[in-house]
């Protein structure tokens, strides 16, 4: 037996001498190539989505999307999707697993509510089963878990809850207008993006964490926060194709380690971890209170997340890591509100007739430019509400497509049956620029919302639709109404080296609408200040 084994070993050793690098390459690479050729052929022939219109290359491989979203193009696949619809019609297969529909009248089938279950798509959101990228409401894929988590947060973002915050918001808006008054006195240029972001961020941190970041009082308006939010947006397309790299690199590694590879990404990593210490302290305080036999924390320490710690959610929903991820989602809403407010103020400066009509309407509820006013009073002003709606539409706070998965039913679109489990979507940018619903879509025209009262309930999608509509929309509305009212009633603004094509119009899909890479932001100068209403 030993002789036989030795003989086989000798033969094997002798055979190894004839193996070349070419043979190794052939044995290793060829099976890999054959596997992917089989996959590509399956995807365009036997796959359940193979029957849908669209380019074969897009149906065969995600590299088609990679080409337009990452390299050599950057963040431009949304515009390519529009070209595909122009060629193939209102329903198109845009990658191996996604069906995109370009039809405003099909919104409520995709973004259904009530008894219709709709999951999010893990691939699109590069979501994981565990860890930071799975713990937030935004990253919750399951319909049932999303409903549980949202139910715990809903009371804090209801209209009634936000009304109780108006005094806090008004105080922060006063700090902003004081800064603008100082800029007027000094003849300084103000970056409007950073200024309104500071207000929105300080409001979010105060309410959610009980911590005022003081960005409104920082000389640079806390610009690094908005920069970090925008950098996160640029990671979304990359994360779809390289989930582990992005999620582990930014979400799990320490900022110091990330900084070895990219200082910019280290900034993002630091900001993502910011709420964690606050969350850990809140969890520790709650545990200490429980040890003392107290049922709740002291009233003066109540915040959104303090309330969650006292809720009926299961213990795994109250960990510091889970709450930290949710806090990141709340803070992430800052960027969308910031963009919308900045764009609205831009158009009010650009269109004096719109501004004059708004001021005339504001005089009905504000005796002087410094008079206190409520969100409810401002929301009752028809033209102001039309301005807000048009600003939300044309600013494209969220520009990207938004996939939903019908888990318990097939969807029927015209003659097409879309199998259950398929991510189906529309793109917010394409929807809000649809020429049939919004004629001359690139024109800022508030009157369109007054001319057609059904436009908003039927076609407005700027806060999403269905059971996953934006949790913070009431807070966003209150911030926009109160802040814009205070600014336009007290100041005349002048644009400073601001170019619409560069600084306003969306040219990149980074989930949030992004302007050109060389944009310095919306910059203004305060040229006049009012204590009483100007003569009409």
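Each residue's number is its place along the chain shown, starting with 1.
Backbone N, Cα and C define each Cβ position, glycine as well.
As stated in TrEMBL, the feature transmembrane segment covers range 24-42 out of the listed 5-23, 24-42. There are 18 other Cβ atoms within 10 Å of the Cβ belonging to residue 470 (heme binding site).
If you look at the transmembrane segment (24-42), the same-chain residues 6 or more away from its ends with a CB under 8 A from one of its CBs are 60-61.
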